[in-house]
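Working notes, structure below.
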Amino acid sequence: MVSDMLGGNKRWILFGLLSFLLNCVLVSCSVEDIEKAANDSFLWGPYRPNLYVGIRPKIPDSLMTGLMWSNVDDYARFSKMRHSAEHGDDIGAFGWKHYDVRRGGQQVIDDFLMGIKLETDFVKLPEGNWALRVHGIPLPGAPTDLTTSLFFYAYVEGEGKVGTKVNHANHVYMEGKTPDLGKFRIQTFNRLGEHPVSPASVDLESMVMDKDFFAGFNVKKEGAWRTSELILYLLDTKMKVISDKEGYESLKDLPPAYSTLTLPNLPSEEGLQFIQKVFKGEFMFDIVFNYASSKKISEEMISQAIDKNLQEFEEKFQATFPLKAPYDTEKAHQIFAHTAFSNLFGNVGFFTGDSIVSKNPIELDDEDYEFMQGFESAAGKLAEGTAFHDIERSLFTIVPSRPHFPRGFYWDEGFHLLPVGLWDNDFSLEILKSWFSLVNEDGWVGREQILGEEARSKVPDEFQTQYPDIANPPTLILALKGYIERLQEQQGKLNNRFSGEGEDYSLDDLEYLRSVSISNPEKSVQFLRDLFPLLLRHYEWFRETQKGDFETWERECFSQVEGYRWRGRTYQHCLASGLDDYPRAQPPSTAELHVDLLSWMTSFTRSLHFVAEFLGETEEAEKLAGYENAMLRNLEDNHWDEEVQAYCDSSVDEYDDPINVCHKGYVTLLPMMLGLLPADSGRLTSLLKLIRDENELWSPYGIRSLSMNDVYFGTGENYWRGPIWINMNYLILSSLYQNYINTPGPNQNLARSIYEELRTNVVNNVFENWRQTGIFWEQYDPTTGKGQRTKDFTGWTSLVVNIMSENY
């Protein structure tokens, strides 16, 4: 026996080993329980951010719900029914006042055209249930007795069904079942509000419209997302039938819109289901989702959850983002910060579908390759067989703008996860895992995730195709770096709660569930170990597909390998860089080396090196350290221009001799933004002076994307040719704060003065624009500071919260 071979004194070793193994089994069970509790806490959410109100689970092909509404005092406005968030809607500021993905929150929509202010409170309740409270208040200036029609709908995308039923009290509700959710019921409860009176007709007496209207329709599941189009078609058809029957010649002859534009009360066992409510003046009702096996939800429970959500949010915000002077005294600054962060967190979406992928790289490996003037039609490429519909995939992500960009963007996401990771570490890791699950066998991830027909409906045809050699700045590494920094900060501070000797924990404690991957060393190591192969594959894809050409054009530099070029340039754009129309070499050339891409690759390498060391991957760590050193050397050899005193792109002239292509701006500053320069560097001194020069990049509102002295400043599309972007200003401030203002040396004082003044300029400008308009903008004018382009852009513009709290 093994025990005999060990000897008497060593039997205790065997006993200890068995005890350890038993403990591991118990720990494993605990980890599974914790992961289930964590996943359950963010299973449901407003994960259809392209809609004003859309609740679904984080499950592919499952239950989809949404809310639509319109004023029905007349027929004209009904055609502009609210459903999907549209850039051109006559809606003022809309979005979340407070929101937490594990609890819920409150959204406010000022609908000027419909004359109504909608407050929607989404709350998560015990046993996985949820409720949506809808409160409508006539806006100032609108009739206090205006009539509003609202449609709540539900359908199942995959296996399962949902139907409408009527109980003995003549109350309509929905009931359904799916493999993932089991049996469930959705009910609505009117809490406040009067109802219009339908006019008398030949057949019916006038009556108060206090009952819900309802109907179910069998539609193809792949087209069920066109919900508002279906309702508009059906009720428009009903209106025409009535007109023909009664001989009405104009809309003026018709009965009031609120009495005509109603559903026919047809129950259905499956398909797309609607419950319609019609109110006069102010109203409130609850929509309640209940699992069949759980207790019923009361009005009081919903009200208490709403109040608790607000209280918990305010306390959590103060603990995570305590605002620093001069933003720590005024209530307005606090509301502003709450709104900015909530609308980032409320932009989370879960998407499933296929994408259109080109069969060939955009740049063929061909000596006769010519750079394109623009991009090709997706429909055309599909028709000619040069593109295909890739397999269906799912993505959990944060979208930059609900009305304009309701889909996943690779380079935006790294910025999105910086504040989210501070609030809820483990939730940010869920999104990281979701993105890296998209890494294909070659290591590629599409820069835009346009998954399915609903997502494609928001994207121009020429931008729908994804090319397997087009990259994007690898900003997800910023989020991973943030996680690593939190790990370092917590090492040695927290006991391992799984050892049986640590603190007690409860699976109902959301604060605990937010940070399991920090407090539990086993889980943190496992997360990084699972991610590391995907990171490496993705990294090697960058190295291979974006490598510069050192064979055709030799350079005098440390390494004949470490130089990179964004693929997919056109004459006017370099979409892969994320900086679209930022000036590059003209004409485009395969000889180019892009300084911003080398900077991103150096940062990518540095973070991967840390992960390799953390995991004990010594050989990989040594290789990465060698890459990083070569990259830093080549950054100086190939990209520093002594005359211009800036980092520049590199290309060749008509004689094939190397030249620098210098356009001072964000590209120039990126080595400093990513903390690649030593604190005592003379190069840093030059960049700091460039930043502070009012004739170049400095403005009272933030750092401009391109120098005012550049020939391309403010020209053409003028997207990245001067306008101020908050994500890039964040990188400047973050790097100054973390790397330079507290390090003694020749640059410390200048770095500190720039940091203090720039922080105030950026925050004050974003705040002032929000105070005047209630809107967070995509970018800000470089000469006036006025917000412009996409409104309701609460993606990386929300980094203003990190800046206010100096939480980098």
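Placement of Cβ uses the backbone N, Cα and C atoms for every residue, glycine included.
What Swiss-Prot lists as active site, proton acceptor is GLU778, and the listing cites similarity to another entry. The N-linked glycosylation site annotation in Swiss-Prot covers ASN39, and the record cites sequence analysis as its basis. Residues or ranges marked as topological domain 'Cytoplasmic' in Swiss-Prot: 1-11. As annotated by Swiss-Prot, transmembrane segment applies to 12-31.
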Minimum Cβ neighbour count within 10 Å among the recorded positions ASN39, GLU778: which residue? ASN39
Whole-number Å only: compute the distance from the Cα of GLU778 (active site, proton acceptor) to the Cα of ASN39 (N-linked glycosylation site). 32
Determine, from DSSP, whether ASN39 (N-linked glycosylation site) sits in helix, strand or coil. helix
Let me know the model's mean pLDDT on the topological domain 'Cytoplasmic' (1-11). 36
